[in-house]
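This report concerns only the one structure given below.
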């Protein structure tokens, strides 16, 4: 019985991460002025809102090229972005809400491996695909 719960939990987490990681594809075509606008846009779009509606509601722009305008910086890890802690907070929030729920299901060796994969997925999501390797013993 516990094995079925573990499998169900892992499957649900994989599905949720799949949905979250799919949003990264969309994020590259929207630019927001600040973290609040980016979070608003992501939440709106994740809830099913269309890109143009979410962009208008959150003060963001939809672009066709790969570069955001200067007054609409993209959330990233560059020091000049002015928001270096935003990525760290994103990663912490993702790990807390998604990965910790997986950890509560089972504490076996396989789950530790899955937790590592979940943490890496959160890092990729929050860093817009640029993964910074963590040093963990």
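Cβ from N, Cα, C; glycine included.
Quick look at what Swiss-Prot lists:
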{"type": "SIGNAL", "residues": "1-28", "note": "signal peptide"}
{"type": "DISULFID", "residues": "31-68", "note": "disulfide bond"}
{"type": "DISULFID", "residues": "32-60", "note": "disulfide bond"}
{"type": "DISULFID", "residues": "40-58", "note": "disulfide bond"}
{"type": "DISULFID", "residues": "44-54", "note": "disulfide bond"}
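DSSP assigns residue 32 (disulfide bond) to a strand in the three-state reduction. Counted over every protein chain shown, other Cβ atoms within 10 Å are most numerous around 31 among the disulfide-bonded residues 31, 68. Its own atom aside, the Cβ of residue 32 (disulfide bond) has 23 Cβ atoms within 10 angstroms in the protein chains shown. In the structure shown, across all protein chains, 60 is the one of the disulfide-bonded residues 54, 58, 60 with the greatest number of other Cβ atoms within 10 Å.
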